Every structure is written in C-alpha cells, then in structure tokens.
Amino acid sequence: MAKNLEDFDKIIVLDFGSQYNQLITRRIRDFGIYSELLPHDLSIEKIKEMNPKGIIFSGGPNSVYDDGALKVDPEIFKLGIPILGICYGMQLMSYDLGGKVERAENKEYGRANITVEDPDSALFKGLPTKQYVWMSHGDLVTQAPEGFEVTASSKNCPIAAIANPDKKFYGIQFHAEVRNSEYGLDILKHFAFDVCGAVANWTMADFIDMQVDEIRKEVGDKKVILGLSGGVDSSVTATLLHKAIGDQLTAIFVDHGMLRKDEGDQVMKALNKDLGVNIIRVNAQERFLNKLKGVTDPEQKRKIIGKEFIEVFNEEAKKLKDVDFLAQGTLYTDVIESGTNTAQTIKSHHNVGGLPEDMNFKLIEPLRKLFKDEVRELGEKLGIPHDLVWRQPFPGPGLGIRVLGEVTEDKLKIVRESDAILREEIKKAGLQEKIWQYFTVLPGIRSVGVMGDGRTYDYTIGIRAVTSIDGMTADFAQIPWDVLGHISDRIVNEVDNVNRIVYDVTSKPPSTIEWE
C-alpha cells in the first residue's frame, strides 16, 4: 500500500520570488527529506495540517519595508516550528519580529567572504570560521530582533547571519542553496537534521508508489493521452503512467519533423516494442513547417509549435473517443523558467506555454515536482533502458529552436546531421555522461571560407555543451581540444553548406542553455 505524505518528515519552503527558490527544495530532497515549494501566503491552517518539521523562507526581489512587499501571516512565528530565513527571508523575519532592515550603502552581488562570529551556532557547527558564500541583496538587517544573536558577518554586511536558538529561528543573508556557497549544503543539513530533527525517510521508490496511487485516484477509469517526444521527460512520464493505468494511456508521438537523427524509430522500439506503451505515431512535419514559414521570433515559434501540438492532440483524441486527460512531462525547472506567481518570466516554456484556453483535456503532470536528475533516477527505478534514461535533454519544440530564425527543411537537415556527429564523437570519447547536455545550433550566420580551390560562403554551426546538476545553473563543458577539433573537422567535411564551427563558452546565468 502506498504511503501518504503524512508518513514522511517534511520541510516546506515558502516562495518569495527568488529564481533560486526551487533549488532549496531540491537540496532538502537530496538529504532524503521530502520538501515542497509553496506560496508565501500559505494559510496557518494548511501549515498545521501539513505538520512540517521546519519552514524555510526563500529569497526574493522585494524590500520588506515597501508597500506591496510579500509577507507571511505573523502567526507563523507562534507555531513552535523551526524557521530558516534566506536573504529576503531573513530580512522579513527580522522585520516582523522587531528588527531593522534598511537599504544597503554597499550592495552585495556575487561571491563574498563571511566570518563566523559564533562557531558553536547550530548552522555553523564544525565549519570553518572563514568561508565564501553567494550574496545577492540590496538591503540588509541593521539591527537583529530581540533574542537574536549575530552569528556571521561580511565586509559589507555586519549582520550576515542571526540565530535565536530558544525559538529555533535562524537567518542567513546569503544563498546557501547555490553551489557557489562553499559550505551551503552543510548549513542546510545542520538546519534540517540538527535544528528541525528531521529524519531522512523519503526515497524515489516512495515517490513512485505515491504517484501511481495519485494517478489512479485522479484518472479512475478514464483515458489519458500523452504527447511523446522521445526525450527523457516524456519517456519517463509515459512509463510511469503505463505502470499506473496500463492501456488507459495512449501516447501520441507527434513527429513534427524536428527530431534528432533516427530518433523517431528509436522511440518506437524502446517504448512501444520493449516497454509495451501504446503509441500512435503521427507524421506532421509538413504541417508544422507550413505554420512556421516566415516566423523568426523565438517566442512566437515556441507558441506556434505548442499550439500545433495541442491541435494534433485534439484531432487524435477525437479519433480515440472519450479521452479526458492530457499528460505532460513538465518538470520543476520548466515551471520556474516560465515564472511562478512571484518569479519573473525568463521565457515561455514549451511544456507550460502555448496552451489554448479552450483546451478540451484536463492536464496531468506527474513529474511537475521533480528536477531533471530526479527524473533520470525515477526512470532507472522504473526499468527504462539506461541509454534512454541518459538521452540528452531535448526541448518540446525540438530542432525548431536550434535553428535560429526561420525554420526550413534544409536548415533542419544541417542541424540534424551536425548534431548526430557531435553526439557520436562525444560518446566515442566517453564523455556522454560527464556532460549534462550537448547539441549543435544553426545561428543563421554565413561566413567566407576556402574549401578545395574555391571560395565558400556558408553557414556557421555553434556547439553548446554544459555541465549541470539540475539545469538551474550550468557551466560550459571543458571538452578536450583534440575532441573538439575532430568534431569540427567531421562537421565541415560531412555536412553540406557548413564551413565554420564555433564553441559556446557562456555559463547559465547569464545565458540560458538553449540559444532560443
């Protein structure tokens, strides 16, 4: 019998709008403790019902003293539950409990060195008294509330951490959830285990049992359709749904003509033949390309592709009859990149944007609370072949957003062939599981070259390869020069109309992983 959430220790994170907020949830789950990101104005009654071991206030872009600043119900401080405030969360707790918060004369953005004033304080116990952290604030606490001690400081932030051990209230001005804070994970562990007394009793096996039970309760005897791309997200979604409801699921594999080389056939073999998922394959390449003619704006391309997907689903659903649910492989990172109630939109995501208002299906998103690496772990637990689980992340719009500008069949062929060479050589070099994501893009730039005895004026191919844990932040992958050189040689010699290769050495942020 599947367990309920009440059976697990949990720490909830209240969302005040930081783009890092879901990383906090991710880190807590890494410790084996269940965690969810919830609205900042979550009711006291709901908090009591959830009975968390601890509460974390996330960071955010507001100033606590401004009109319209995001707040919490003051009763939250009377629940007897440990609280950790991060950045804005620390300022809010200080402000609400009688401390002072003011605009900083010297703002801190980026790496900073803090000095731990009280090495015996619960959060810093056993850690170095000098450590680098990641700061991102324009305000600071200038007076701690009564009953609090200052436990850390930095050059521009005299009150960088505070503690009230009696009430188990703690605050840090820096972002412990970001990997740039060298002992950030230790600080979060101290809060979760030492302060909150939580027990690590949450596993992916538990998630499977709970999600299967939840899907069965929600779907009942109704039918579900799923848009299948062949990527990790949709493949794991299909397998999880198949485990829960069997043949009530029909996966609609919309081949929009923007897939990677041979991907369509590989999808059919792995999921339909080997795993038994019921799949209908729809060849819609011409339809999609006609809709994309003359379109160059990336947001518009995403919207068109998303809308066309749903229209295909509607048509296929009518053929199937009595379909009530549309499943999607939406992840936590998809949701945050499309903005939440408190976070600014970075770009509309293919899984959560472009849905028509008159959509005839109820939406079911069983992976919505998971990050990419958790999805891979889930896939392995479900018995999906290793090669499929570790397939490179692939956006719903496919190669359509890796061709910058207008999408044509000829341009898709260039990207598809160059991408296949890149993937083949990365695998030969044994780097396929060391690099989080890698692909080629066609920027639409032509340049002069010399091939044979003649002058050429052909396309440039960009190579993008990054290392990451969860897609929230990423660094460019340091592929050995000889491997990059060989990839370049092969692409310019084997792919028509290409005479130049460039390598993207930008991190996320400031760039996103995809170029569009």
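Backbone N, Cα and C define each Cβ position, glycine as well.
Feature list (source: Swiss-Prot):
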| type | residues | note |
| --- | --- | --- |
| DOMAIN | 10-201 | domain 'Glutamine amidotransferase type-1' |
| ACT_SITE | C87 | active site, nucleophile |
| ACT_SITE | H175 | active site |
| ACT_SITE | E177 | active site |
| DOMAIN | 202-391 | domain 'GMPS ATP-PPase' |
| BINDING | S229, G230, G231, V232, D233, S234, S235 | ATP binding site |
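Of all the active-site residues in the list C87, H175, E177, the shortest Cα-Cα distance to S234 (ATP binding site) is found for E177. Straight-line distance linking the Cα atoms of V232 (ATP binding site) and H175 (active site), rounded to a whole number, equals 30 Å. For the binding-site residues S229, G230, G231, D233, S235, a Cα to Cα distance of within 10 angstroms from H175 (active site) holds for none.
S235 (ATP binding site) sits 38 Å from the residue listed as 'active site, nucleophile', taking the C-alpha atoms as the reference points. Sequence-distant neighbours of G231 (ATP binding site): residues of the same chain at least 6 apart with a C-beta under 8 Å from its C-beta are G329, R391, P393, F394. Compute the center of the Cβ atoms of S229, G230, G231, V232, D233, S234, S235, which mark the site for ATP; besides them, the chain residues with Cβ within 8 Å of that center are L228, V236, T237, G329, R391, F394. Candidate recorded positions: E177, D233. Fewest other C-beta atoms within 10 angstroms, D233. Here G230 (ATP binding site) comes close to F253, L259, E263, G264, Q266, V267, L271, R391, F394: these same-chain residues lie at least six apart in sequence, with C-beta atoms under 8 angstroms from its C-beta. S229 (ATP binding site) and E177 (active site) have their C-alpha atoms 32 Å apart, to the nearest angstrom. Here the recorded positions are C87, V232, and the one with the most other Cβ atoms within 10 Å of its Cβ is C87. Between the alpha carbons (Cα) of E177 (active site) and C87 (active site, nucleophile) lies a span of roughly 11 Å. Taking each of the binding-site residues S229, S234, S235 in turn and counting other Cβ atoms within 10 Å of its Cβ gives the largest count for S235. According to DSSP, V232 (ATP binding site) sits within a helical segment. A gap of 32 Å separates the Cα atoms of the residue listed as 'active site, nucleophile' and D233 (ATP binding site).
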